[in-house]
């Protein structure tokens with residue numbers, strides 16, 4: 001039988017409708033109880049909705065929402081040339097858009113992490129999606145005299161999207177365990193490159209279809225509101241530790257200050273968060289600047305003309321978006337499969353796979369700037385391989401966190417990992433790259449060639465940061481097993497009856 005969270009028995013629900021996790025265990029909170037009472041007439045609609053709430057469906061809806069999160073984020077990058085021309089701003093000026101977005105995102109993340117460990121998570125997720133959707137739609141009507149207001153709107157969107165990125169992985173973590181959780185987190189984090197790539201495609205396509213770049217900001221809000229509604233009705237709110245058969249049995253909770261102290265002492269968490277920051281630095285800079293860099297390369301090669309029209313060429317954004325979608329799919333799938341295979345050889349497989357992929361990615365990222373001046377196709381090949389290797393670690397990093405952090409502080413851990421990765425990563429990288437490019441352009445007579453070279457020299461900072469991230473993943477591998485065992489012992493202590501239990 002199926003049971004609502006308020007203890008109401010659902011009529012017409014047989015034992016075959018019991019909700020299972022993919023690991024094969026039935027939810028403890030959904031087993032029959034002698035204290036159940038028949039549903040009231042007003043509760044039948046809720047009962048019907050509950051029949052559709054399976055862990056797999058919930059993970060699918062949350063992944064769809066994550067796609068939209070990143071699609072909205074990179075729609076602006078898909079029409080970057082048009083925005084730069086419309087508002088008449090420099091490279092550093094357009095780079096500021098992403099920096100303001102990420103800064104507000106990372107500042108809001110710890111707040112939502114705190115709320116996500118203590119209150120109804122799906123309500124917070126839905127409110128966040130409705131908020132950023134409304135702000136994005138409103139920003140499409142800002143006129144060219146108010147660029148500062150357009151920048152501010154991106155900051156508000158960052159606050160809305162922060163709630164989703166901080167909380168949604170923890171719901172998946174409470175619905176699945178072991179390899180099933182790895183698989184579902186892989187699907188969820190596939191949304192990052194897939195959504196990013198679709199953002200470029202959506203922005204470029206909507207602009208071309210409407211003949212106005214503002215329409216690029218008017219499609220994703222409608223989809224976002226749809227996702228928010230689906231989450232409200234079809235995503236359950238599992239108890240913390242539910243998939244580990246701990247739902248309702250955790251006897252001890254820790255304070256926020258205690259959680260923060262424990263996370264600061266968790267070496268695997270700290271080093272993997274620093275590695276994640278390196279990935280964010282590179283992806284943030286690439287997402288904003290690579291299409292523009294390749295366009296300038298073609299102008300240098302005389303295969304394209306500089307943008308002088310009302311609607312600039314979107315070919316590079318479309319191609320880069322398609323490559324990002326494909327490499328995201330390949331990267332996440334290969335990463336999950338490789339990790340699963342390597343776990344048979346070593347228990348440190350998760351951080352080691354991430355480290356190797358990062359170091360390999362740095363080589364091909366360097367090659368982009370070597371071959372772009374002569375061959376655009378060669379540059380795209382390097383981008384394809386480099387991005388595939390870089391995207392290998394998205395889901396694996398999240399899985400590392402689930403292993404080394406106990407369920408009751410995972411939302412806080414995800415939020416602060418996001419805060420760290422954005423603070424040290426893509427909060428500053430788009431603006432920093434634009435600033436370096438502007439400074440280099442001022443050093444010599446302004447020309448098409450020097451515009452291309454200066455941006456390339458600025459982007460050369462990325463492969464060095466990627467190598468640093470690989471080193472952090474190697475450091476994570478040193479402490480991973482100890483921190484995983486410690487988390488398991490703490491969780492066991494938290495489920496024992498109150499006595500002299502102390503959780504640090």
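Glycine residues also receive a Cβ, built from the backbone N, Cα and C atoms like all the rest.
According to TrEMBL, the feature domain 'Major facilitator superfamily (MFS) profile' maps to 58-486.
Residues or ranges marked as transmembrane segment by TrEMBL: 95-116 (among others).
TrEMBL lists 123-142 (among others) with the feature transmembrane segment.
If one looks beyond the transmembrane segment (184-203) by at least 6 residues along the same chain, the residues whose Cβ comes under 8 Å of a Cβ in the stretch are 22, 55-56, 59-60, 62-64, 66-79, 168-169, 172-173, 175-176, 213, 216, 219-220, 283, 287, 291, 314, 317-318, 320-329, 331-333, 335-336, 387, 391, 394-395, 398-399, 402. Residues or ranges marked as transmembrane segment in TrEMBL: 184-203 (among others).
The transmembrane segment annotation in TrEMBL covers 215-235 (among others).
Taken from TrEMBL, the feature transmembrane segment applies to 269-290 (among others). Sequence-remote contacts of a segment are chain residues at least 6 beyond its ends whose Cβ falls under 8 Å from one of its Cβ atoms, and for the transmembrane segment (269-290) they are 74, 77, 80, 94-95, 98, 102, 196, 263, 320, 324, 351, 354, 358, 365, 368, 383, 387, 390, 393-394, 397, 400-401, 404-405, 413, 416-417, 420-430, 432-434, 455, 458-459, 461-463, 465-466, 468-470, 472-473, 475-476, 479, 483.
TrEMBL lists 318-339 (among others) with the feature transmembrane segment.
As annotated by TrEMBL, transmembrane segment applies to 351-371 (among others).
Look at TrEMBL and you will find 377-406 (among others) tagged as transmembrane segment.
Positions annotated as transmembrane segment by TrEMBL: 457-481 (among others).
For the transmembrane segment (95-116), same-chain residues at least 6 beyond its ends with a Cβ under 8 Å from one of its own Cβ atoms are 73, 76-77, 83, 124, 128, 150-152, 154-159, 161-163, 165-167, 170, 256, 284, 287-289, 411-416, 418-419, 422-423, 425-428, 430-435. Confidence for the domain 'Major facilitator superfamily (MFS) profile' (58-486), expressed as mean pLDDT, is 82. For the transmembrane segment (457-481), the residues of the chain that approach it from at least six positions outside its boundaries are 267-268, 271-272, 274-279, 281-282, 285-286, 289-290, 293, 347-348, 350-352, 354-356, 358-359, 361-363, 365-366, 368-369, 390, 393, 400, 403-404, 429, 432-434, 436-437, 440, judged by C-beta separation under 8 angstroms. Listed by sequence, the residues of this chain that lie at least six past the ends of the transmembrane segment (123-142) yet keep a Cβ under 8 A from its Cβ atoms are 62, 65, 68, 72, 112, 115-116, 149-150, 153-154, 156-157, 159-164, 167-168, 214-218, 220-222, 224-225, 227-229, 231-232, 235.
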